[in-house]
Amino acid sequence: SNEGTQTLPDDQKPVALLCIGCVLIASSLLLFLKSVWKACYKTSKFPKKTTVALFVASTSAAILTIVAMPHLDIVTNVTILNGIAILSALLQIIAQCMAKERNRFLLPSITAFILILLGYTLFLTLYIMKNPSDTKMALWVGLAVGGSLLVSFNWWENYIRVISEHSKSIFIQVFYKDMRRCENMLNIFSSLLRIIVTACVLGAYVPLAKMDWDVVTSIPRRQTRIISIIIGVQLVSSALCHWFSLSACKMHALRRCFILPLYLASLSVMVLFIVPVIVYYQDYRISLNGTSTNFTNYCSVVVDGRNTNLNVFSINIYLWLNFPLYLGLWSSGSAVSWWLGLVLATLHLWYLTVYRIERTQDLFIRRLYEGAFIEQSLLLNTRFDIQKRKKKRIHKASEPAMIYLCATMWHETYDEMMNIIISIFRLDKYRPKKDAKVKDFTFDTHIYFDDAFENVEGQGRHLNEYAKTLVNVLAEVYRKLEKIPDQKVIRTPYGGRLVITMPHGNQITVHFKDKELIRHKKRWSQVMYLYYLLGWKLMTKYYRRWDKGENEEDLKEQIQKEKHNTYLLALDGDTDFQPAAVMLLVDRLKMYPRVGAACGRIHPTGSGPAVWFQKFEYAISHWLQKTAEHMIGCVLCSPGCFSLFRAEALMDDNVMKRYSTKSSEASHYVQYDQGEDRWLCTLLLKQGWRVEYNAASDAYTNAPEEFKELYNQRRRWGPSTMANVADLLGATTAICKRNSSMSKPFMFYQLFNMISAILAPATICLLIAGSLTFVLKINASLALVLAVVPPAIYLGLCFKLKPDTQITIAAILSIIYAFLMLVVTMAIVGSMVADQTILTPSGIFIVAMTIIYIFTAVMHPQEAVLVFYGFLYIICIPSAYLLLTIYSMTNLNNVSWGTRETKPDPKTVQAVAAAPQMTTQKVVLLLAEHLKEFVSLQDEEVFWTELQKKYLEPLVNDKDKQKKMSEELKNLRNKINFAFFMVNALWLVATFTLQTFEDTFSIKIPKVNLQLEVTGDITIDPIGFMFILGFALSVAIQFFTMLIHRMSTLIHYVAFLGTEPLEKKPEKDTYRKGKKVITTKITSTIVILQ
């Protein structure tokens, strides 16, 4: 109808058919690739022959779209696609009848089936009445009806699940189980079959229709480009439509952003085709100045003027405008019947219960979408459930959860304690226990204070200054309240306990540990709360009920349910977080049953160059490394400062029990005690649990501000990380079989990362050597020798000097290396400007990494400012990856904690000292005066006594044993250091040899300027070249997984904002920080007696 419209001639029809084939094959190809990727993570079993046979029936889209639809008008093609819901409507009727429930959607399903059947009847009658003698058209119409009926088999899986649940047929039940068990192989088989069938239909139809494939290669380039763009737009838009539909469902926008737009899609297409034709036809009539004409003459003039055929690939609007009235009504009637049938067949979707970040497999039955009829496939592929009148569908995500907040404290400062206490009070206000409107979870807080007691001459054991600081913090938070909250001071076998009720009903329990009574340090505090909360509080009540004679099977089911819905939020004593951060982690565990742990985005706080360096390091680690682990495998470390663990996972075989193992070998001290959080995750991964990362769940923790403290912290983290990763790599085969999220490609990715970490010192030496060569214009071999000498000397000194002296030398060398890196960076940039090229190895590396980091920062807009710390990070690379590695490896035998080993804040000590110390008698009187209780544990005492005896008895100070273990640690250090630095030496020697015989072994790469002119050659040794390629591939994987993870994070965050109840913000924060004051009422009640 438009003069700019172009129609393909008859001899170029194969091009259009090829495009249609590409549309059909694209989705099947994506399904095949995704299924193969899924198959890498789990053992794929082959299905039975009967299961495969039913999948063959759903491969007939090619017959409908390639053979039949090109011979029908576009309006009919648009409307007949709605008729593919006929089998879905029939299966809905069967499923609802078999359910034997009063279902409100049985009548709509019956009506939908009748309407779609009526639409096919009207369609057949219309074309028969149009020209009864046209046998070819009858054939095309028959193929269209048959093809659409066969296409409707695509979504029979959506209903077989419901039918099998209510069917007594063993065949159907076994068939459904086999289908679910062999899902990956069935998807691989069906996608390959679809591709083959489409190719066969396409290949056979063109010769049978007397067309020639040679025309495909003879089309002019301009038309080829246009066709490619059109097909590309279709393929991309179909994939985006599927993705946005999935996102809309996960964002809780099912009705307005998913169902309604898909209903209107076919109507919109019809309007877009029909309205322009009517408009142009009216303009044509006006241009004739009153001359009589009709639509047939208009079409003839338009078509004749373009030398095209009116009957094929044209819009047959004539049926709609100039047919007799009864035929027009029949034509319209079939379109309306099909559309209403589709609407009624999917009416149940309006009442579908969808939870935020619902799993894709719970939203859509099949992974496949049909590119040729995207809106119908999305609607019919969405989960079908029996919608009962009275009883709603019960979803695991709606079950209330119990969260235990478990914080470990030791030598935190006043401000650090204030951060976590305020965060806990925020959560109390967010989910109050009193008059709770939202009952998705309840929580209880437990703080485990290590080494909280000290000897007071003449008075026995009293709280030390750090423990009293915590009491002051609790008093400060309550400074605006009129009265002291309800409290209990409880004597315990491990020291003492303070129980405080917060304003909204939730409780804080502070466990003050006496190292003379119970084993101290963080891992043992974690063992303490694992057995107390999961062993005593969770399991004891069921044991008592079983002892009274209750049904064992019922109790097992209840225990399993409670274990699954009980979570532990691990916190450090200085963690600052918002309630929303907790909710986002809870969502992950609620929605995905195999997620054993989830961690958030940890932000280091503080000031100074050491903290700035860590801010960028943490950012890169979370932006790229953790997202890559999350997307292609599992996060290997869920940090204990802010992570949510599932009780069921922690109580699994060889997790809690193994975690409670006392270190008996030298390697245990490195793996178990130096990186307890990573080791716990290693145990979870080995048992088949998934560990995830949520980027929107923000938490803040204080980072080391001093160079010494930072080095001591990383001295613990580095070796323990390598030990745990090596442990996982050694059990690759077993882990990949047990853990569905871990695959051998992912383990290979981790192997490459570990090799990179091992070779980091040698790589930095090579970097420095290259820098010296570039700046000083000296021989490469001489530069390598100069680069290796200072680290080698430092390595030797680390075996002889004390740790503090080693750190002092490292600090001096770090400054020297920082200046060198600054000069080198500026020199490389200047070289690129002078040579007018970035196409050199160093230039490509710097530009590529800069672009990746900047783009990654842009994708994290709230954290984008951290990219400015990247310059400090770059000049500190030698210190972080060379000197720190040497220090960590040579001090591997040092298993002390290394951080927070400081005295209390003098100001806090003076303030606490001002409070009067209370004797035993005064404490009891004061408690009575303020209506407090001083009670014993009674029932718990036996539990604590047995737990201490089995796991938590204080370690005996056996000097002979300590001396023996010290020697074993030194032997372990020497063995590991020999292997570690020997590998680095071999790497350096290999590079030195290749540089010596540069002309023989080097790879020459043309040096190209900005005008793409070759200005010389660049030589690279083969080993370095392969390492650069491996590094580039690793960074590329991290970058693309980051993009995907950002999209999923955005979906989750939007879903959270759209579903969480809104609360009015108070004018002022009730729990903001204020002056440090002493409240004698609370302080004086915490003198715990033995």
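Quick reminder: no glycine exception, Cβ is built from N, Cα and C everywhere.
Taken verbatim from TrEMBL:
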TRANSMEM  15-33  transmembrane segment
TRANSMEM  105-125  transmembrane segment
TRANSMEM  137-156  transmembrane segment
TRANSMEM  186-206  transmembrane segment
TRANSMEM  226-246  transmembrane segment
TRANSMEM  336-357  transmembrane segment
TRANSMEM  747-772  transmembrane segment
TRANSMEM  778-797  transmembrane segment
TRANSMEM  809-832  transmembrane segment
TRANSMEM  838-859  transmembrane segment
TRANSMEM  866-889  transmembrane segment
TRANSMEM  978-997  transmembrane segment
(request) Tell me, please, if the transmembrane segment (15-33) and the transmembrane segment (778-797) are in contact, taking contact as 3+ Cβ pairs under 8 Å between residues separated by 6 or more positions? (result) no
(request) Please give the sequence-distant neighbours of the transmembrane segment (747-772): residues at least 6 beyond its ends with Cβ less than 8 Å from one of its Cβ atoms. (result) 628, 632-633, 636, 722, 725-726, 728-729, 732, 735-736, 778, 780, 783-784, 786-788, 791, 817, 820-821, 823-824, 827, 842, 877-878, 881-882, 885-886, 980-981, 983-985, 987-988, 991, 1024, 1027, 1030-1031, 1034, 1037
(request) With a Cβ cut-off under 8 Å, give me the same-chain residues at least six positions beyond the ends of the transmembrane segment (226-246) that come close to it. (result) 15, 19, 22-23, 26-27, 30, 219, 257-258, 262, 360, 363-364, 369, 371, 374-375, 378
(message) If we skip the immediate neighbours and take only residues 6+ beyond the ends of the transmembrane segment (778-797), which ones have a Cβ under 8 Å from one of its Cβ atoms?
(response) 761, 765-766, 768-770, 772, 806, 809-810, 813, 882-883, 886, 890, 981, 988, 991-992, 995-996, 998
(message) Six or more residues beyond either end and a Cβ under 8 Å away: which residues meet both conditions relative to the transmembrane segment (105-125)?
(response) 76, 79-80, 82-83, 85-86, 89-90, 92-93, 96-97, 141, 145, 330-331, 333-338, 340-345, 347-348, 387
